[in-house]
Structure formats: C-alpha cells, structure tokens
Amino acid sequence: MGRVRGAVAGCAAALAFSLTAIAASWQESSGQLWLDAGMRLWGLVGVVVGTVVWVRAPQPHLGRLMVWAAAVWHLNFLRGVDQPVVAAVGFCGAYAWTAALGHVLYTWPTGRATTRLARLFVPVGYVASIGTQVLVYVVDGPTVPRAFGQPGGRTAAAAVGSVVFAVLAANMIGIMLWRWVRASRMRRRSATPVWTFIVVACATGVAVALVALLDLPRRIEMALMLAAMVTSLPFVPLIHVVQRNRSRTATWRVAQVALREDQPATEEPAPARLERSLAEAVGDPTLRLLYPAPGGGYVDGAGKHLPELPGDGSGRAVTPVERRGRLMAVIEHDEALHNESTVAEAAGAAAGLALENAHLYATLHAQIDQLHDSRHRIATSALAERRRIQRDLHDGAQQELFAVLVLLDMARRASDPEAATGMAHRAHRQLGDAIASLRLLTEGIYPATLVEHGLTPAVESLVDRAPLPVTVDTSAGRHQPDIEITAYFVVAEALGNVYKHANATQVHVSIRCRDGSLVLRIADDGRGDADPDGTGLRALADRVATVGGTLTITAGEAGGTVVVADFPLRQPCLHVRGEQPCTS
C-alpha cells in the first residue's frame, strides 16, 4: 500500500505540473491544433505509463524516472509563455526530457545507476541537453519567446545544440538496440512497451534535429511529429493489452502444471518434469527449481550444489515456494518475470502445490515400503519365535516327558516291586519338572497373571524374578488385550536387554495412562549404548507399531538408556485400584 500511495502522489504531482504547463502555454501555441494537443497528450500518456510501472515493477525506481521524464517533457511548452523567467526555464530545459529518457534506458530495469555506463552517460546527458540550451540562450539571447513547433533562428549555437541533441538521441537508440540483441526473450517481452516508446521518441528527435540542421521545410518536421504520435500513442496501450492477455494465458498454463503433476509419472524424474513444465508455462527456458540443502545453500534437480542465490545485477531473480510457512524450494528465473507479478506468484503457488503433492506421494510410498519391511520383520520374528518354542519344547519338556515314559516302562517291566516303586517315584518327580517347564514356557507366551489380573500385576510378577533392583511406578488399570500383551512384552524385552547388555545397577519402570495413551518408560543407569536399529529393538518397535504405537530409544540425562513406548488407546482404561480412568 505504501508504494501505491507513493505512486498516486507522484502521478498527481506530475499531472498537476503537466496540466499547469499546458494551460499556461496554450495561448502561445503553434496554431496547429493536432500538433499542440497531440504532443501534450504524448506527455500525459507517459505519466500514466510510468505510474503503472511504478506500481507493478519489482522496484519502484524505474517508474519514478519514467514519471519524471514525462513531466519534464512539458518544459517544452513553457518556452512559449509570455513571462521571461518561466520562458527562460522552459527554453533551457526544453530537451531535458531526452536526458530523462536516457536515464530510464541506462538504468533499466532497476532504475538505479549500477553500471559504469550508466554512471557516465546519465550526468553527461543532463549536462549536454540542458547546457547546450543554456549556451543558445546566452549566446543568441532570444528576446521573444518561441512557442513549441514554431521556427527559430538558424544560429551557430542552435546548430551545436541540434547536433548534441541528435548525438544523444542516436546514442540512446544504439544502446537500446544493443540491449535488445542481448536481452532474453522474457526481458524483450516485458520491456517492449517502454522501449518502443523510447525508440519512437528518440528517432523523432534525431529526425527533427536533422531537419533543423539541414534547414528543410517546416512541414517535414510537422509530418515527423505526426508520425511519432500516430505510432506511439495507440501502440503503447495496445502492447499493454496484449501483455495482459499473454500474462493471463501464462497464468492459466501455470495453473495446469499442478494438475499435470498428478498424472501418472513418466520416466523423467519428478523435479526435472516440474521444472520443465514451469519453464514452458511462463515462457522462460532458463527457469530452474532449487531446493534448500541440509548443510546450507541450494541444490538443483540434478543434485548440483549452489552456495548462494543470484544477486542484484545478475539479471536473475528468485521466487520463494512456501507451503504452510515452510520453504520448500525457490524458483530462479529471468528477472523480467517479476514484471509479471501474477505469473510469478502463480508459478510459486503451482510449484508449491506440486511439490507438496510429490512430497506426500513420496511419504506415502515410503510408509508403504516401511510397512512391507515391518511385516517382513514381524513374520521373520514370529517364525524365529516359533522355532525357539519348538526348540524349548524339544530340549526341555519333551525330553523330560520322554524320560518319564522310559522310567514308567522300566517300572512296568521290573520284577522287583521295590525297584518298580522307586522308578515310579522318579517318574513322578520328572513329570513334575516337565509340568513346571511347560508352565514356564506358557508364561513366556501369554502369562496367566496378565490374563487374569492385568498389566500391572504381570509386570510386578516379572520384576520379582529380576537379578537386580527394579522399581515399578504405575497408575494404569486394565486395557484392551492386544495393548496389554504388547506392553508386557515391551517391558519384558527391555528388561531382558538391560540384564544382558547394559551393566546396570538399577532399573525404573513407569506405566502411565496419559492424554488418551498408555505410556511405558523403562530407564536404566547402564552404559547407554543401545542401538535403536539393532535386531532386537527393531523387532520390538515393529511389534509396538502393530497396535498403532511408537517406540523411542534415547540416552538418559545421567547416562543409561531410556525406552519409551506410547500406545494410543481406542477406549478408556478400566477403572481399578481407585485410579481415574484414562479417556482416549
């Protein structure tokens, strides 16, 4: 809004000066209505065009210069005012507009003199255009005001002024043509209205100066001015309309980019495809998508690292691509694209949407891959668990039962009753040991305490057999069976890892029902080198994930390892032991 207010104020001031100059000089006009009205209208159109550039360009300086140049144009008409001081100012500044146009051209597109060429020619232009007129005014000493379009004296000083004017105008045409040849397609497209205006004005100025030098008939000068007006006045607004239609078309094409990115992928990598689609949509073949690099700087779609983005004066610009406050990428493009702000904004929005979709797509596929890996690990772990149970049964209870069978068979065949009785007693003891082994095995598969009394008593029973001090802090009641059995084995496996690997002296187990989740925390004071990617902990994390939970392994503040399992609950905890139920 600040720029708009500044542009409106600048436009109002320029129009006020221009209209005042027109009103003050109208009585002393050339008598050619088409010439007087047309040339004055030319300056007013320049003020409007400059104001539009002031508002819409990435930087306001160029628009200010254009408004200034259009306002200075009206000094031409003040030399016809019947007031000596005003007429002198108008006469001496009659060709200052050429220097102002040169100022616009030399500082394009920023409006600032950042090159040696601009810093040299801008002051030279003002000094030459005003200085030659001052020279003519002092040497020839015109005593009668001469209105714009009326013939003046053919003096040596006037000839010098005409030559200088023609050289300045021709130089500007040459500079503009040089820039046109070197400019990118985007730059040509955005600069066409202003450059056309400058070329027409400068070419007319050169022709008028030559007419004055060669002392040709005045009607030739009038015809040249008419040609300039007929060419530039309708042409500049027409080009502006064409540009707006082109921008709308480009914006529509950009909007299709995100839709095309949702179609089935081709063999071309997604970043390269998106970059190419955006470049084609905005009409800038030099456009690149750059992505923030983890270590600083940016990388392009091919993985090439760029330590920093293009700076001022490079002819390049960047448009950030953000989604939900996060920088996802930047679009590096021709600086001229900033003159079409709606296209640049649409490109950023389309790229953001496409990148977010690609990110979600990649995340989904990564989750699917993780799910497949997790299922594979769970199946492998289940198979290994079955083999362990089979091995325990074979090496334990099965061997003991076989020994009982042998003893009973020996007792049946014994001829000595006392020997048979002894064998029967041994078989009885062996059978008791086998039953105890089976009970211990079933406790490891699904503890009876867990089924009958819940998670807390089962964990307390588990730590009663611990080889080192284990404290249990719990406020949780009963839960869904799948949650309880998974939580129990998390505690059992975590304690088993502590006993075997941690060299700990104590363990603390916390079981809490909080914010709709059951949270387990097992912390030890051991050496703290647990590997989250180890086979055991990875299998444990997979088991937790089967019920929608998460497992994290971190180092304790004072050493040791902290295992935290979080299980989201689908229903409230059952109220036991006077505790408040946990709501999901």
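The count begins at 1 with the first shown residue.
From the backbone N, Cα and C atoms, a Cβ is placed for every residue, glycine too.
A TrEMBL annotation is a machine prediction, not a hand-curated record.
Record features, source TrEMBL:
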{"type": "DOMAIN", "residues": "482-571", "note": "domain 'Histidine kinase/HSP90-like ATPase'"}
{"type": "SIGNAL", "residues": "1-23", "note": "signal peptide"}
{"type": "TRANSMEM", "residues": "39-55", "note": "transmembrane segment"}
{"type": "TRANSMEM", "residues": "85-108", "note": "transmembrane segment"}
{"type": "TRANSMEM", "residues": "120-139", "note": "transmembrane segment"}
{"type": "TRANSMEM", "residues": "159-181", "note": "transmembrane segment"}
{"type": "TRANSMEM", "residues": "193-214", "note": "transmembrane segment"}
{"type": "TRANSMEM", "residues": "220-242", "note": "transmembrane segment"}
Across the domain 'Histidine kinase/HSP90-like ATPase' (482-571) the predicted model averages a pLDDT of 84
Distal contacts, the transmembrane segment (159-181) - CB-CB under 8 A, six or more residues away: 95, 98-99, 101-102, 105-106, 108, 117, 121, 125, 128-129, 132-133, 135-136, 188, 195, 198-199, 202-203, 205-206, 209-210, 212-213
For the domain 'Histidine kinase/HSP90-like ATPase' (482-571), residues assigned helix / strand / coil by DSSP: 32 helix, 30 strand, 28 coil
